[in-house]
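TrEMBL has this to say about the protein:
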{"type": "DOMAIN", "residues": "6-85", "note": "domain 'Inhibitor I9'"}
{"type": "DOMAIN", "residues": "110-566", "note": "domain 'Peptidase S8/S53'"}
{"type": "ACT_SITE", "residues": "D119", "note": "active site, charge relay system"}
{"type": "ACT_SITE", "residues": "H195", "note": "active site, charge relay system"}
{"type": "ACT_SITE", "residues": "S526", "note": "active site, charge relay system"}
{"type": "DOMAIN", "residues": "641-735", "note": "domain 'Subtilisin-like protease fibronectin type-III'"}
Amino acid sequence: MPMSQVHIVYMGEKENEDPTVTKMFHYKMLSDLLGSKEAAKRSMLYSYKHGFSGFAARLTDSQAKEIEAFPGVVQVIPNQVHKFHTTRSWDFMGLNDHSTTNLLTKSNMGEGIIIGVIDSGVWPESESFNDRGMNPIPPHWKGICQEGQLFNSSNCNKKLIGARWFVKGILDQSQTPINISNGEDILSARDSSGHGTHTASIAAGNFVVNANYEGLAAGLARGGAPRAHLAVYKVCWSFGHGGCTDADLLKAFDKAIQDGVDILSVSIGISIPLFSYADQRNSIAIGSFHATAKGITVACSAGNDGPTAMTVENTAPWIITVAATTIDRAFPTAITLGNNLTLWGQSVDTRMHNHGFTGITFSDRIALNDSDDSALGCKRGSLNATLAAGQIILCFSQSSTQNIFSAAISVAEAGGVGLIFAQYRSDGLESCHYIPCIKVDYEVGTQILSYIRKARSPIAKLGIPKTIIGKWVSPKVADFSGRGPSSFSPTVLKPDIAAPGVDIIAAYIPFGAEKSSGFALLSGTSMSCPHIAGITALIKSVHKNWSPAAIRSALVTTASQKGTDGSNIAEEGSTRKVADPFDMGGGVVNPNRAIDPGLIYDIETNDYVKFLCGTGFSSNSVSGLTQTKANCTKNRLNELNLNLPSITIPYLKRKVTVSRKVTNVGPVESMYKAVVEAPQGVKMKVEPQILRFNKTTQIVPFKVTFFTTGKVYGDYRFGRLIWRDPKHTVTIPISMRAIFV
C-alpha cells in the first residue's frame, strides 16, 4: 500500500468569507478525491480558513498529484520541518522605565497591543507573565486559552491572554507518538524547551525584581512592551528529531490572524537554499504575507549561520528581518596561574568552584590515543581519565563549530574539575552545568599553554564570574548572525535591522534538581527578533494607524551606525571589519528616534503584488499567494522600485534610475534636503534634491540615478541617502555591485 504523508493543499484566495463554508468546501474536495466523507475526515489535519484558504491532509504521492489538478488548487507540497533561531538590553537601547521622555513612557509601555509569539509555547507560571498593573483584555481579541496536558484556562490572565498548540504536522512527520511520561514534550501550549518562554518574555514580559542568572546580570527584568498582552502559539516540539512543520506553522498564522494579534514574533527559519515566496515550503513567507495584508507587523529572525555571506533567512520583503548584536555587558572571569599571572576569560558558571589552586594540564598531553588530535578539542572519549582526574583541562577548539558544552561533558566524564576552552572568537556564553568552564580566545589560551609547558607542576585557580556593564565597545554584530545579500531576492536588502541578541537574560523553564531562578542567558537572532517585536508594540501604541511597512521604515531610517564610543559599529566575523548593510541592514535599532522618523517609506499590499509580478512570478502564483486576482502581464513593478527604506542594486550596468516616495509624518509644513554618500566607484544624482511638504502635499516621489565610474567592479560597495530637516535625519542604506557590460 502506498505510503501517505502530510501534504499542504494551498488554495490562496478565500472564495467565501464564512470560514464554515470554506471548511465544508475543503472536506468536499477531499471527499471527492478519497471517495467518502469518512476517509476525508481521517485524512485531514487542518483546514486553513481565516487568513487564506487551504488544508493539510495525509495523502499518497499519487493522490497529491491528482488533487493538484482540481480547480482552485494553487500548489500541493509535502510537509517540511523548520528550526529555531536560537534586562540590560532595554536600558542599553535607551528605554529606561524611569525616564519621562523616551518611547517606553510615551507609548504607555505598549498598553492595549497584542503580541503573538509563534514558538515552542510558554511557561505560564514565570513571573514575567504575571498580570500586575495590566489593563483588561482588549476588545479586539477573539482568541482562546486552549487547554491540554498541564495547562488549563486558569493559566491565562490579563498578560498571557491566549495560548494555542498545533501538533498534527510534527506528529505525522515523526511517525511516533510523544512519550509524555518521560517528559519528552508536553501536549499543550506549555513550553518544554524554554525557547518560547524566553522569546515571549523579551517581547512583552512584565516587571520582575531581582531577576538574575545564577547571581549574574542581576536587576529588574522586563520585556520591551511590559504592558502589552501576549498570545502564544506552540508549533515547535522537542520529541523525536524536534522542529516546527509547515502545516503547524500555517495553522498558527491562520489562527493568529483570526484571533486579532497586532504583531507577530517568529524566531524560526528555513535553511539555505531558500524557497520561493509563493512556495508552500516557505510557510513563514506565506503566513506572514497574509498577516501583513491584515495590518499585522511580522518580525522574524535572520538566522544563525553567519558570518558567511548569503546566509540570511526570512528574506520576504514584507517581513522585518532582524540581525543580532552584542550589548555593553560582559562576564569577565579571572584565571590565576601558579606564576601569579592573571589572565581573563568569560564564563557564566558561578557554582562548583573549589576556589583554590588546582593542577592544570593541556588536553593533548593526556590524550587516550596519540595517533589522532581529537583530544586537542576535548572530544568525548578522547581523554585519559587517570591523567585527567582532579585537573583543570585546557582545550583548543579546532573550528568555530566546536562546542564548549560538549567539551565540558568530555572533561567531566574523564574526572576533570574545570575547563578552559580556547576558541575562535565567537559570541554568546552558555553554562556547562557539570564543571566550571571559562571561554578564552586563542591568544589567552596560548599564554596559558606556554605556562603549562614551562612549569614543573603547573597549577591554576579559576575565579568567579563578575557582571561588568559599560566597559566594552558595543554594540557589535554577532558572529553567528545571518548575513546578506539575500540569496533568493538580491534586490531586497536583508537583514532590515539589528537588535541585541547576545547573552540576553529572560524568562526560562525551571530545570535541574534545585530548579532555576526562572531566568536564563541565551544568544541568537531568536533573541533579537522579539526585541524588535516589543519595540514595534511601543510604536504601534502611539501610531495606531501605521502600516507594517511604515513601522519597518521608521526603524530602519532612524537606526544607528555608531557604537557607544562614537566609532563605526563593527562585526564580529572572520574579518572583524566595519559592519555594512548586509550585516545589520539600516543599523542598530534606536527606539526613541523611531517614534518620530519625520518621513516614512510606505508600501501597500498591492505594491508587493506588483513586485512579485516584476520578479517573474506567474499571475496564478501571485494570485494564490496574495488573495488577489493578479494580472502580471499588465501590473508589474520593476523590482528595484519597491518602496523599501533601502536601495540594493546587484547588477549595475553603467546607469540605473530607481524610484522611491516618502510620506511626511512630521510637521505639516516641512522641507527636507538630500545628502548623498555614494558607494565607492559610483556617482549618485537625486531629483529633486529638496522635498517640500504642506497640507495638500504629504507624499512626494523622487528618483535616484546611479552611474558607474568604470573603476570598481565585482564586489558590493555601500553608501547612504539621507534626507534632512532641522529636526530629522532620515537615512536609507545603499548596496551596489557594478558589473562589466
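We count from 1, first residue shown onward.
Even glycines carry a Cβ here, placed using N, Cα and C.
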> At the level of the C-alpha atoms, what whole-angstrom distance separates D119 (active site, charge relay system) and S526 (active site, charge relay system)?
Replying inline: 10
> Per residue, counting other C-beta atoms within 10 angstroms of the C-beta, which of the active-site residues D119, H195 reaches the highest number?
Replying inline: D119
> In the domain 'Inhibitor I9' (6-85), how many residues does DSSP assign to helix, to strand and to coil?
Replying inline: 31 helix, 28 strand, 21 coil
> Taking the Cβ of S526 (active site, charge relay system) as the centre, how many other Cβ atoms fall within a 10 Å radius?
Replying inline: 29
> What is the separation, in Å, between the Cα atoms of S526 (active site, charge relay system) and H195 (active site, charge relay system)?
Replying inline: 8
> the domain 'Subtilisin-like protease fibronectin type-III' (641-735): mean pLDDT?
Replying inline: 93
> How does the domain 'Subtilisin-like protease fibronectin type-III' (641-735) divide up by DSSP, counting helix, then strand, then coil residues?
Replying inline: 1 helix, 60 strand, 34 coil
